[in-house]
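Database features, via Swiss-Prot:
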TRANSMEM  23-43  transmembrane segment
TRANSMEM  71-91  transmembrane segment
TRANSMEM  107-127  transmembrane segment
TRANSMEM  133-153  transmembrane segment
TRANSMEM  189-209  transmembrane segment
TRANSMEM  217-237  transmembrane segment
TRANSMEM  247-267  transmembrane segment
Amino acid sequence: MIETLLPASALAFPAIDPVIFRVGPLAVHWYGLGYVVGILFAWWYGKKLLRSHRLWANNQPPMAPEALDDFVIWAALGVVLGGRIGYVLFYNFSYYISNPLAIPALWDGGMSFHGGILGTTLAMILFARSRGILVWSMFDTIAAGVPIGLGVVRVANFINSELWGRVSDVPWAVYFPNGGPLPRHPSQLYEAFLEGLVLFFVLFVLVWGARKLKQPGFVAGAFVTGYGLSRIAVEFFREPDAQIGYLFGGWLTMGMVLSVPMVLLGLWAMWRANRAAARNA
């Protein structure tokens, strides 16, 4: 029984300070650094893709690499605003409707990846249309590098001892400082592996091996599908948000509900890209 686990059967939580360093009243956290690293990597990697003309249809990238320099600010706003608004709407609406002044308090935590995706998607659409860029290719350019940022942020979640997994007796279960007396799945690291390393590798093969950037929308569809499937899988090991709990049957979570449409949308995007390529062949 899990309730009779001995302390030796699980791992102690590593003593890592969530704050990397302080400069006066300013504290730099691993979580914030994760977002910065994610945005900067997607910017750098996107420029690398745009400089590789052979990856694109007719050897013609959809935009100049320098265009991404301007998009960085748009992306940051999309991630932060979308992530926060998504968390408020999807995960703790009753609290924030009663405490609206707490909504801007990002330093207290509370970001939704699904909301961040919606915010960034809106930013990409507006930016692409303002510059005359094909929207689907804009999606592809950014999506190809996003998994690395996801992986870093999930590691930061682990360091912060948040979003931990369900109680478990697996040998690698961890005693989280604020996770109660029983060991739990380090589900943040599962997500870092699947949403970060594995998904980046899959997209890397699609981009550099299968040359799927020549089919606008395919890489973005693969990213959305891959993330959705990864998130659904990890949700079986992740503790549901305390303020929501299980939505049905002791297994269905909000993360699953929000991920299913992503999988369907991603599959449709890949089908659409293949169909368009077949028509133009």
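One-based numbering along the chain as shown.
Even glycines carry a Cβ here, placed using N, Cα and C.
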Within-chain partners of the transmembrane segment (217-237) [C-beta distance under 8 Å, separation at least 6 from its ends]:
113, 117, 136, 139-140, 142-144, 146-147, 150, 165-166, 168, 185, 187, 190-191, 194-195, 198-199, 202-203, 206-207, 251, 253, 255-256, 259-263, 265-270, 272-274, 276
Could you tell me whether the transmembrane segment (189-209) and the transmembrane segment (23-43) have 3+ CB pairs under 8 A, leaving out pairs under 6 positions apart?
no
